[in-house]
Each structure stands twice: as structure tokens, then as C-alpha cells.
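Engineer: This is the structure I have questions about; it appears just below.
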Amino acid sequence: MSKFNRMHLIVLDSVGIGAAPDANNFVNAGVPDGASDTLGHISKTVGLNVPNMAKLGLGNIPREQPLKTVPAESNPTGYATKLEEVSLGKDTMTGHWEIMGLNITEPFDTFWNGFPEEILTQIEEFSGRKVIRESNRPYSGTAVIDDFGPRQMETGELIIYTSADPVLQIAAHEDIIPVEELYRICEFARSITLERPALLGRIIARPYVGEPGNFTRTSNRRDLAISPFAPTVLDKLNEAGIDTYSVGKISDIFNGEGINHDMGHNKSNNHGVDNLIKAMTSEDFKHGFSFTNLVDFDALYGHRRNPQGYRDCLHEFDERLPEIIAAMKEDDLLMITADHGNDPTYAGTDHTREYIPFLAYSPSFKSSGLIPVGHFADISATIADNFGVEKAMIGESFLDKLV
């Protein structure tokens, strides 16, 4: 009999809570990450009002300087701590894979200055189409088609771009480059990015339609990921016949491995919360685990170094938290965490190497307080412990602390 019949894990993408001990080994535009602090700097510079997360214990998480505008609760309703990453990376896939129990000792490659000429030339030779060199850098997916879509419509050239994560994305107007052709080109790109110096987590086909000034991306997106290099706790749950629900890009991050119910991509954080609540209130979801990623913090505000937008996005999630809690059953456990930092006040535009917050709440709790500081993979070890399956490579369960 599981202590918690259902467990729900929400990753607030990039919501770090202060520089990790090894942060100075990671850099942003030449500046070490040692002074990064996503939540701390948002709270200090633009104010942060998240009463529902504060009630669970967000302001109680141990820090050298308390969060300026998030007070500690004398009697929180949940358990709280912060967790440290052991893997050699600060990207989305590394963070999520470690949360699910893997230790990534060979990080994926990211391309802040765009992909090397060798890769672009191989794609050109395979496809018979030229690549627009000016788009070959980290780019917003909507901005890149606004900037280069008109040219693509005239020339048929490929729009290839990347992001802070280890991904290669190809945008193609469906009337100019048919979707099936785009998929073939992406499959070729996948075949040449499976090992270093270009080990990429995902190749993403990004079809779009419309006219200049009014382009829209279509639902024909396709992700060509790589599977985790070892079984994760998702795999262990799936093998044991336990329901696993994915909300947002979780299924992409794990290449579908270990997931038996995919609620689809999120159009926004609010849409993701809607999808999570839909899963939680489904008649079919009686026992098991849901895993949600809410990416707007990172994609819309962290990389763009927009602390006000990031703060507002946190406020928006906090306002929805009571709805999520209302969808819980008595023996459910809700866990809220992150996958890395992305301090919107920091140098550069990359992720930041930080501790992640961890909050846990159940209507069945008889107590509350702090859990000892641990590591990302402790989350999956706790999930495995609860459902009676093996943990993955690393992680120590804190299930016995949740009472």
C-alpha cells in the first residue's frame, strides 16, 4: 500500500533559489554563476508576492539572505528544502534526467555562437537547400520566423537556429518546404548529432504557415530526442504497471520513455495548469504519478532577462496553486521544484547553476517544516520508495520525513 496514492510533481522551469556550491565552474557571457540567485534577485529588485507558495514554506528554505519579500511562515502547511545538482550540466534535459535519478557525467553540447559550418554544410548537401547563416544562433522561435520567414518564402532556404538548451531547430513554411521533407531533413540532422562535439538532446521540426507579418506555427511540430542512457524512475513505474502522466514537454525530454499518458504540449503555463488539473480530476487517474513542466518562466523571461515579466509569471502560477490543491485527494502528494536557474538579472542569457527549491504538500500531512538539504535525484528516490519500485542510479528517499 502506497503512503501517497498519487504523486504530482511540477517543475517551474528555471526557478532557482541561489547559487550552487560549484556555480563558479559555470559561466554566463564570461561571468561565473557564483552570484546568481533567480528567486532572490527577483524578490530584491522587483518584489515577489507569492502567498500560496509562501504558505507551503518557500520563505523558510535556508539561505544566507532570506527572500526579501517572501516571509518565512511560523506554521507552514508543507515541507520545504533546497536541492543541489550533481550532474555536469545546467540545461533542461540534464536537470530533468537527474530529478528522475540519473547522473549525467557527459554534458550535452550547447551552441551559443551557432552551429559549426561542418554541420550546416552536411545539412545543405543532404537537403539540396541552403541554410540562412544569419539565423544560426540562439533565437526566439517566433522572432526567427518573423525575421527570416519572408526570405525563406522567396528562396526556399532553411531557417536553422538553437536556444540555451542542446537543441537544433529547423523552421519551415509548409507551403515552401512540405512537412514530410522537413521531417526527413530533421531525421538527417538527428543522425549527425548523436556524439560530441555535437551531442544534442533534441532536433525540433518547427513548421509554420501564413504571410509575412502574420506567421503562426502549426501543430505539426516534431521532436527527435534521444532516450535517457539508463532507466529512470519513470521507466520503473511504467514497468510496474503504474500510471505515469506527462504534462508539457516532459514527454519530449524523456523521448516518451516511461510515460503511458501524455497530456500534450502546453500553449502557456496557464494551459499547462489546466492540463494538469484535467489529469488530476480524470476518472481514470486513480493511482500513480503526474509530471508537469511549466516553461514560460525560462523561455519568455529568464533568457530574455526580464525580471518584471518573470515576477508576474510567478504571481500567475501562485494564483493558480489553490486550484491545483483543490484537485488533490486526501492521500495525494504535491511536489513543486525546478530544474536549474535562469536569473533574469544576471549577465548573459544562459541558465544559471543554482540550487532548486522543493515544496511538498498533502492534505493528509499531520506535520510540516524543513527537510535536510539534498540532491535533485532525491525526488525520484522518494517517488520510487512510495510506489515500491527500485530507484534509478542515484538519490536518497525522504519519504519518511513527509508525515
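FYI, residue positions are counted from 1 along the chain as it appears here.
Every residue gets a Cβ built from N, Cα and C, even glycine.
Relevant sequence annotations retrieved from Swiss-Prot are reproduced here:
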- D13, D339, H340: Mn(2+) 1 binding site (BINDING)
- D298, H303, H351: Mn(2+) 2 binding site (BINDING)
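Burial and contacts for the listed features, if you can.
Structural biologist: Contacts of D339 (Mn(2+) 1 binding site) defined by a Cβ separation under 8 A and a same-chain sequence distance of 6+ are given as V11, D13, S14, T92, G95, H96, I99, N293, I356, in order along the sequence.
Counting only residues at least six positions away in the same chain, the Cβ atoms of D13, S14, T92, N342, H351 sit under 8 Å from the Cβ of D298 (Mn(2+) 2 binding site). In the three-state DSSP scheme, D298 (Mn(2+) 2 binding site) falls into the helix class.
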Engineer: Pop the Cα-Cα gap between H303 (Mn(2+) 2 binding site) and H340 (Mn(2+) 1 binding site) into the table, whole Å please.
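Structural biologist: Distance between the two Cα atoms comes out at 12 Å.
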Engineer: If you count, for each of the binding-site residues H303, H351, the other Cβ atoms lying within 10 Å of its Cβ, which residue has the minimum?
Structural biologist: H303
Engineer: When you measure from the Cβ of D13 (Mn(2+) 1 binding site), how many other Cβ atoms are you left with inside 10 Å?
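Structural biologist: A count of 24.
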Engineer: Once the DSSP letters are reduced so that anything not helix or strand counts as coil, what is D13 (Mn(2+) 1 binding site)?
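Structural biologist: Its secondary structure by DSSP: coil.
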Engineer: Using the recorded Mn(2+) 1 site (D13, D339, H340) as reference, state which further residues of the same chain have their Cβ within 8 Å of the centre of those residues' Cβ atoms, listed in sequence order.
Structural biologist: V11, L12, S14, V15, G16, T92, G95, H96, D298, A338, G341, N342, H351, I356
Engineer: Taking the mean position of the Cβ atoms of D298, H303, H351 as the Mn(2+) 2 site, which residues outside that list, in the same chain, have a Cβ no more than 8 Å away, listed in sequence order?
Structural biologist: D13, S14, A164, A299, G302, H340, N342, T349, D350
